[in-house]
Amino acid sequence: MKVAVIGAGYVGSVTGAAFAASGHHVTVIDSDKRKVDRINSGRSPIYEPGLDALIDAMVRRRLLSASDRYDSIRDADVAFIAVGTPSRPDGTADLAYVRSAADAIGDAINRDRFTVIVDKSTVPVGTAALVASRIEERSGLKHGEMFAVASNPEFLREGYALEDVFYPDRIVIGTGNAKARRMLRKLYAPLLGRRTYGALADVVPQPSRPLAEPVYFETDEKSAEMIKYVSNAFLAVKISYINEVAKLCEALGTDVNDVAAGVGLDSRIGAKFLQVSSGWSGSCFPKDTAELLSASRKYGNELTIVQAAVDSNRSMHDYCVEKVRRRLKTLIGKRIGVLGLTFKPNTDDARQTQASAIISGLLDLGASVSAHDPQGMAMFQTLNPDLEVRYCSSGEETAEGADGVLLLTHWDEYARLDWVAMRRRMRTPYVLDTRNFLRKAPWKKRGIEYEGIGIGAVR
Ligand SMILES: NC(=O)c1ccc[n+]([C@@H]2O[C@H](COP(=O)([O-])OP(=O)(O)OC[C@H]3O[C@@H](n4cnc5c(N)ncnc54)[C@H](O)[C@@H]3O)[C@@H](O)[C@H]2O)c1
Ligand SMILES: O=c1ccn([C@@H]2O[C@H](COP(=O)(O)OP(=O)(O)O[C@H]3O[C@H](CO)[C@@H](O)[C@H](O)[C@H]3O)[C@@H](O)[C@H]2O)c(=O)[nH]1
C-alpha cells in the first residue's frame with residue numbers, strides 16, 4: 001500500500017520506517033527540511049537505537065523517502081498524522097500542528113480515490129472529528145465518502161521504539177467507517193504476529209522478551225483517543241505509587257526493590273513500571289496527564305488520582321534535592337555532578353526531563369552543577385538556556401571537585417564508570433543513585449558513601 005506519514009519525529013520516523021519494512025511504500029513528510037534531508041540520505045532524524053540502520057536499509061530499497069511537500073498525499077491509501085501535541089500553559093494539548101497538517105491534507109487530497117487519514121498523534125477526545133471537518137472544509141469532500149478519519153494512538157517507548165513497533169502488544173484502531181477498518185487491517189497485517197523478518201533480520205531487532213500474540217483492537221474514534229491518555233496516566237500513577245512507597249521504605253528500613261519485585265509477582269499487578277526514580281518525566285507523561293486532568297475538570301469529573309500522581313511526582317523531584325542537601329548539610333558553595341539529563345536512557349530527548357527540575361532545585365539552594373549525558377546534552381542545553389550548568393564531555397568529568405554525584409538516568413555507560421578514579425577527583429565522596437542502578441558496586445571498599453532511594457544502607 002502507499003503510505004504518507006506527516007511528522008518525522010520520534011513517532012513518525014519510526015512508524016514510517018516500520019511500515020516500509022512491512023513492504024509498504026512510505027513517504028515521510030516534515031516541514032523541517034533538515035529532517036527530510038537526513039532521511040533521504042539514509043540517516044535517522046532522531047537518536048533511537050537501530051533506527052539509522054533501518055532507515056538506511058529502507059531508503060536503499062526505495063520503500064522509504066521523505067519530503068517537505070504534501071504531494072505524496074495524492075497517491076496515499078493511508079496518511080498518518082504524527083505531529084507534536086505539546087502542552088499549552090493551561091495544560092491543554094496544543095493542536096496547532098494537527099490543524100495545520102489536516103488543512104494541508106485537505107488541500108492535497110485526491111478527490112477520485114478513497115484515503116484513510118489516521119491520527120497517530122496523542123490528541124484529546126473529539127480530535128478525529130475536528131480533523132475530519134477541517135479536511136471537509138478545505139477539500140469540499142464529505143467525510144465517510146472519499147475519505148475517513150481514524151484514530152490509531154501510538155504506544156511506543158523511546159529507546160525501545162523499534163522493538164515496540166515491530167512486536168506491539170496491541171494495535172488500537174478507532175473508526176466507524178467500514179472501508180477504513182478494512183484498509184487499516186490490510187496495512188497492519190504484515191506487522192501482526194511476525195517473529196522473524198527474513199532478509200531484514202539485520203535491521204529489525206529480535207524481541208528481548210517473550211511475546212504474546214498482539215491484540216488488534218477496534219473501537220470508535222473517541223474511545224481510541226481516550227485509551228491513549230488513560231494508559232499513560234495509569235502508568236504515571238503506578239510509578240508515583242512505587243516512588244511514594246520508596247520514601248516510606250526508607251523510613252521503615254525496608255528495601256523497595258525487593259518490595260516492588262514481590263508485589264510485581266502478582267500477575268494482576270505485573271512487574272513493569274515499578275522501577276524507583278526521581279520521578280517520571282519526558283515528552284509524554286507530563287503533557288498527557290495535564291491534558292487528561294484539564295479535560296476531567298472541564299467535564300466536572302476531576303481525576304483526583306491522576307492529580308495526586310502529578311503532585312507526588314513533583315515532590316519526588318524535591319525529595320531528591322532534599323536528600324542531597326540533608327547529606328551535605330547545605331548546598332551553598334557545593335558542587336554537584338549530575339549523570340543523565342534525558343528522561344530515560346537510550347534517547348536524546350530532553351523535553352520536560354526531571355533533570356531540569358532537579359538541577360534548578362540544586363542551583364536555587366546555592367549549589368553549582370556539572371552535568372553529562374551521552375546523547376541529550378545538546379537538546380537539554382537548548383531547552384534550558386537559563387540553567388547555569390557546566391557541561392562535561394564524560395561522566396568521569398562530573399566528579400571533578402564534586403561534593404556529590406547524583407545519578408538521574410541509568411545509561412549503561414554509567415555502570416562502567418571508574419569510581420576509583422572518580423573518587424580521587426571528588427571533594428566529598430558521596431553518590432545518590434536515584435534509580436538504585438549501581439547499588440551492587442563495592443562502595444564501602446571504594447571509600448564512597450552511596451545512597452539509593454528506598455533501599456536503606458548499602459554494605
Ligand atoms: N515521543 C514518543 O515517544 C511518543 C510516543 C507515542 C505517542 N507520541 C505522540 O506522537 C505525537 C508526535 O510526537 P513526537 O515525539 O514524534 O513529536 P516530534 O516533535 O518529535 O515530531 C513532530 C514532527 O512533526 C513536524 N511537523 C509539525 N507540524 C507539521 C506539519 N504541519 N507538517 C509537516 N510536519 C510537521 C515537526 O517538524 C516534527 O519533526 C505527539 O502527539 C506525541 O504525544 C509520542
Ligand atoms: O518503572 C519505571 C518506568 C518508567 N519510569 C520513568 O517514567 C518516564 C516515562 O518512561 P517510559 O514510559 O518508558 O517512556 P516514554 O518513551 O515516555 O513512553 C511513554 O509515553 C509514550 C508516549 O505517549 C507512550 O507511547 C509509551 O507507551 C509510554 O510508556 C521516564 O522518566 C522513566 O524514567 C520510572 O520512573 N519507573
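Every residue gets a Cβ built from N, Cα and C, even glycine.
Remember, it's a predicted structure, so these values are computed and weren't measured experimentally.
As recorded in TrEMBL:
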- ASP30, LYS35, THR85, THR122, GLU158, LYS287, ARG351: NAD(+) binding site (BINDING)
- PHE155, LEU156, ARG157, GLU158, LYS228, PHE273, LEU274, GLN275, VAL276, SER277, LYS344: substrate binding site (BINDING)
- CYS284: active site, nucleophile (ACT_SITE)
- 337-440: domain 'UDP-glucose/GDP-mannose dehydrogenase C-terminal' (DOMAIN)
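Recorded features from TrEMBL, shown on the structure.
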residue : record                   : DSSP (3 states)
ASP30   : NAD(+) binding site      : coil
LYS35   : NAD(+) binding site      : helix
THR122  : NAD(+) binding site      : coil
PHE155  : substrate binding site   : coil
LYS228  : substrate binding site   : helix
LEU274  : substrate binding site   : coil
CYS284  : active site, nucleophile : coil
LYS344  : substrate binding site   : coil
ARG351  : NAD(+) binding site      : coil
Quiz prompt | Tertiary neighbours of LYS35 (NAD(+) binding site) (same chain, Cβ under 8 Å, six or more apart) | solution = ALA8, GLY9, SER13, PRO45, ALA66
Quiz item: Minimum Cβ neighbour count within 10 Å among the binding-site residues ARG157, LYS228: which residue?
Solution: ARG157
Self-check item: Entries of LYS35, PHE155, GLU158 (binding-site residues) sitting next to ligand 2, with Cβ under 6 Å as the cut-off
Solution: PHE155, GLU158
Practice problem: Of ASP30, LYS228, VAL276, LYS287, LYS344, ARG351, the binding-site residues listed, which put a C-beta under 6 Å from ligand 1? Please answer none if none do. | Solution: ASP30
Quiz item: Which whole number of Å gives the largest C-alpha distance between any two of ASP30, LYS35, THR85, THR122, GLU158, LYS287, ARG351, the residues noted as binding NAD(+)?
Solution: 24
Quiz item: Given the recorded positions PHE155, CYS284, LYS344, which lie close to ARG351 (NAD(+) binding site), meaning Cα to Cα within 10 A?
Solution: CYS284
Self-check item: LYS228 (substrate binding site) versus LYS287 (NAD(+) binding site) - Cα distance in angstrom
Solution: 12
Self-check item: Euclidean distance between Cα atoms of THR122 (NAD(+) binding site) and CYS284 (active site, nucleophile), Å
Solution: 9
Self-check item: Under 8 Å by Cβ from GLU158 (NAD(+) binding site), counting only residues of that chain that are 6 or more apart
Solution: TYR10, GLU48, GLY282, SER283, LYS344, ASN346, THR347, ASP349
Quiz item: Could you tell me the C-alpha distance between PHE155 (substrate binding site) and THR85 (NAD(+) binding site) in angstrom, no decimals?
Solution: 15
Quiz item: Averaged over the whole of the domain 'UDP-glucose/GDP-mannose dehydrogenase C-terminal' (337-440), what is the pLDDT?
Solution: 97
Quiz item: How does the domain 'UDP-glucose/GDP-mannose dehydrogenase C-terminal' (337-440) divide up by DSSP, counting helix, then strand, then coil residues?
Solution: 34 helix, 19 strand, 51 coil
Exercise. Looking only at C-alpha atoms, tell me how far LEU274 (substrate binding site) is from THR122 (NAD(+) binding site), rounded to the nearest Å.
Key: 24
Quiz item: Considering only the binding-site residues ASP30, THR85, THR122, which fall within 10 Å of LYS228 (substrate binding site) when distances are taken between Cα atoms?
Solution: THR122
Practice problem: Using Cβ-Cβ distances, find the residues under 8 Å from VAL276 (substrate binding site) that belong to the same chain and are at least 6 apart in sequence, listing them in sequence order. | Solution: ILE242, ASN243, ALA246, VAL256, ASN257, ALA260, THR434, ARG435, ASN436, GLY452, ILE453, GLY454
Exercise. Calculate the distance in Å between the alpha carbons (Cα) of ARG157 (substrate binding site) and THR122 (NAD(+) binding site), and round it to a whole number.
Key: 13
